[in-house]
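Okay, structure first, notes after.
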Amino acid sequence: MAQYHYQALDAQGKKCRGTQEADSARQARQLLRERGLVPLSVDENRGDQQKSGSTGLSLRRKIRLSTSDLALLTRQLATLVAASMPLEEALDAVAKQSEKPHLSQLMAAVRSKVMEGHSLADAMKCFPGSFERLYCAMVAAGETSGHLDAVLNRLADYTEQRQQMRSRIQQAMIYPCVLTVVAIAVVSILLSVVVPKVVEQFIHMKQALPLSTRVLMGMSDAVRTFGPWMLLALLAGFMAFRVMLRQEKRRVSFHRRLLHLPLIGRIARGLNTARYARTLSILNASAVPLLQAMRISGDVMSNDYARHRLSLATDAVREGVSLHKALEQTALFPPMMRHMIASGERSGELDSMLERAADNQDREFSSQMTLALGLFEPLLVVSMAAVVLFIVLAILQPILQLNTLMSS
């Protein structure tokens, strides 16, 4: 998309100048007329071509819309479409309404594609960094069925639910993370600064030190001598782990082991199955074909092993296996969810049963997160208290011994 300098007459007949983004001079004139201007001259700004090209590239690949921004844009667009406003005008209104420049530019670019004759879904597919496959598939289904406003409202609900879930997880993790950092910092300062100064006095007295004090001195020396190297080793290990996870086989193997951990595995399985069921419910309610809906729903899974198992379930459904049987073969879904899906298949209300199953799984996920954090926080506090108590006792024991010797 290029930039064009223009001279035009406004509604009062006054001359005005400015720039207009468009794919061609003809489109620039058309956009100016839609703004109520009479174009006198439209010249391409060639000095900005390279900049414009890089902007287009960033729109296509680099911009990542937050779920809150995406939900807001979708809700605004759904409201305008439901009010029978033409799609081009609705997109223009959303672009002008946005206070964030990159969002306004994105919606203007989508509008430009629509005005070229593309469908809304195809226009959004041109910007995969901003609109994921699930979003584009639902918009396409809404355009085909003639219920675009209802589908957009459903999409807005979906993105808002995702944002709420992410916010709940982030808020739940704030306190344990802060507590962990504080605990590590306190113990590190005690071992590297406080303990050496106190123990130094005992060494000058040439007194036989108890075992706990000698252990504490060894720990303190290790922290001061090898502390930086230990940090470097941890950083190197973390980077090596990240590199290892880039290999698909090892990543799938790690994700498979993750799902089998006692408590973390249940939480990860609950989060992924709830996300899959909710996505499949929305796609099915939007008249997306089941196989396509299953493929897209599998793509939203954060666990690669679960994604692989669900791709096998999609193949099984393609071969004629019922949905609940195919999902049972994955060994990911709890029995209650499978029974609800089977009931939905028999009654013809699969989308509503999938939504109820996702709601149940969300509640179970929340309870599991609460349990995990409820166990972690007191364990961390007790562990920190035990370490501090050991340090205090290791310092007090020589002092008590010295007092005993002096009194005797």
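Cβ atoms here come from the backbone N, Cα and C positions, even for glycine.
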Please state if Glu99 and Pro378 fall on one side of the membrane according to Swiss-Prot.
yes
Give residue numbers and ranges for long-range contacts of the topological domain 'Periplasmic' (195-224): same chain, 6 or more residues beyond its ends, CB-CB under 8 A.
188, 390-391, 393-395, 397-398, 401-402
So which one is it: of the binding-site residues Glu99, Asn153, Asp157, which has the fewest other Cβ atoms within 10 Å?
Glu99
